[in-house]
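S.K.: Per Swiss-Prot, the features are:
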type	residues	note
TRANSIT	1-42	transit peptide
MOD_RES	K75	N6-succinyllysine
MOD_RES	K75	N6-acetyllysine
REGION	80-94	region 'RNA-binding'
MOD_RES	K84	N6-succinyllysine
MOD_RES	K88	N6-succinyllysine
MOD_RES	K88	N6-acetyllysine
MOD_RES	K119	N6-succinyllysine
MOD_RES	K119	N6-acetyllysine
MOD_RES	K123	N6-succinyllysine
MOD_RES	K135	N6-succinyllysine
MOD_RES	K179	N6-succinyllysine
MOD_RES	K179	N6-acetyllysine
MOD_RES	K186	N6-succinyllysine
MOD_RES	K186	N6-acetyllysine
MOD_RES	K304	N6-succinyllysine
Amino acid sequence: MAAAAPGALGALRTGRVRLVAACCARLGPAAWARGTAPRRGYSSEVKTEDELRVRHLEEENRGIVVLGINRAYGKNALSKNLLKMLSKAVDALKSDKKVRTIIIRSEVPGIFCAGADLKERAKMHSSEVGPFVSKIRSVINDIANLPVPTIAAIDGLALGGGLELALACDIRVAASSAKMGLVETKLAIIPGGGGTQRLPRAIGMSLAKELIFSARVLDGQEAKAVGLISHVLEQNQEGDAAYRKALDLAREFLPQGPVAMRVAKLAINQGMEVDLVTGLAIEEACYAQTISTKDRLEGLLAFKEKRPPRYKGE
């Protein structure tokens, strides 16, 4: 194969440098210092009629935030109001330094999220449908871009936009009785909340096409077999087996360095979208952001003194 021209190689290297710089520019110590406190209005005590319950767990679970979808009468379908509440919650959480892990679950037994609210959509003019789907995509993208680990606890039905919501999370766990699928082709449309892009990245292109083309619905065991979820649990009497597993995972994350967790997520996410050489450069740049942190020094000191580290996210 003919060698590339020097100018082309230079342009490629320049492009990689710019990409790495763009990925890591916001990771300096000053960025962590700017983290703000949670916005008012989100606490562990939320009115039961609210469609989204935001709970900041306390004591040994401090740092874990649970977003509980609570729209039983609509099977947790994504309505305009629920999207507005999700957007507001995510906007508040993304800049909160105290947040370490976010769990998305359902407060409604047997349902995670049934997708877009088709009853609401049926009342829309055709000119409203596009912007509504764009809003779903935007909110799901915001969830995917949260800087801390996110876990979807799927204890029930997750169809269409509901599965797309779960696909935006870093880790997915489900009960064996849960049902998951991108079923939009049954309605003569396609997944519009990122499903055509995130499902192939999760399970491979060929299988993703098969599932989307057929609108097939998988149970928890089948989803685990194809790599759609990380863990499958037998459902318990309370109907929250997946949530309990998600909580166990979140507790495993809590002792780790907060800055390191955020930077690791960024390095993985950005690196997966580029070639290996560029990905390694992103890793190097991200690693460099941890060197000057107080947490790194605390980790070394704790190791020397044979005690658990006390990380502050600095």
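Here the Cβ of each residue, glycine as well, is placed from N, Cα and C on the backbone.
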S.K.: Tell me the Cβ neighbour count for K135 (N6-succinyllysine), meaning other Cβ atoms within 10 Å of its Cβ, over all protein chains shown.
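M.R.: 16, counting other Cβ atoms within 10 Å of K135 (N6-succinyllysine).
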S.K.: Under an 8 Å Cβ to Cβ limit, what residues of the same chain, 6 or more beyond the ends of the region 'RNA-binding' (80-94), are close to it?
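M.R.: Contacts of the region 'RNA-binding' (80-94) (Cβ under 8 Å, skipping residues fewer than 6 from its ends): 38-39, 42, 50-52, 54, 65, 67, 69, 71, 102, 117, 120, 132, 135-136, 138-139, 142-143, 145-147.
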S.K.: Taking the modified residues one at a time (K88, K119, K186, K304), which has its Cβ surrounded by the most other Cβ atoms within 10 Å?
M.R.: K88
S.K.: In sequence order, which residues at least six apart in the same chain have a CB under 8 Å from the CB of K123 (N6-succinyllysine)?
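M.R.: Counting only residues 6 or more apart in sequence, K123 (N6-succinyllysine) has no Cβ neighbour under 8 Å.
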S.K.: Among K119, K135, K179, K186, these being the modified residues, pick the one whose CA is nearest to that of K84 (N6-succinyllysine).
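M.R.: Answer for the nearest of the modified residues: K135.
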S.K.: Would you mind reading off the Cα separation of K179 (N6-succinyllysine) from K186 (N6-succinyllysine), to the nearest angstrom?
M.R.: 16
S.K.: Rounded to a whole number, how many Å is the Cα of K119 (N6-succinyllysine) away from the Cα of K75 (N6-succinyllysine)?
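M.R.: Here the two Cα atoms lie 11 Å apart.
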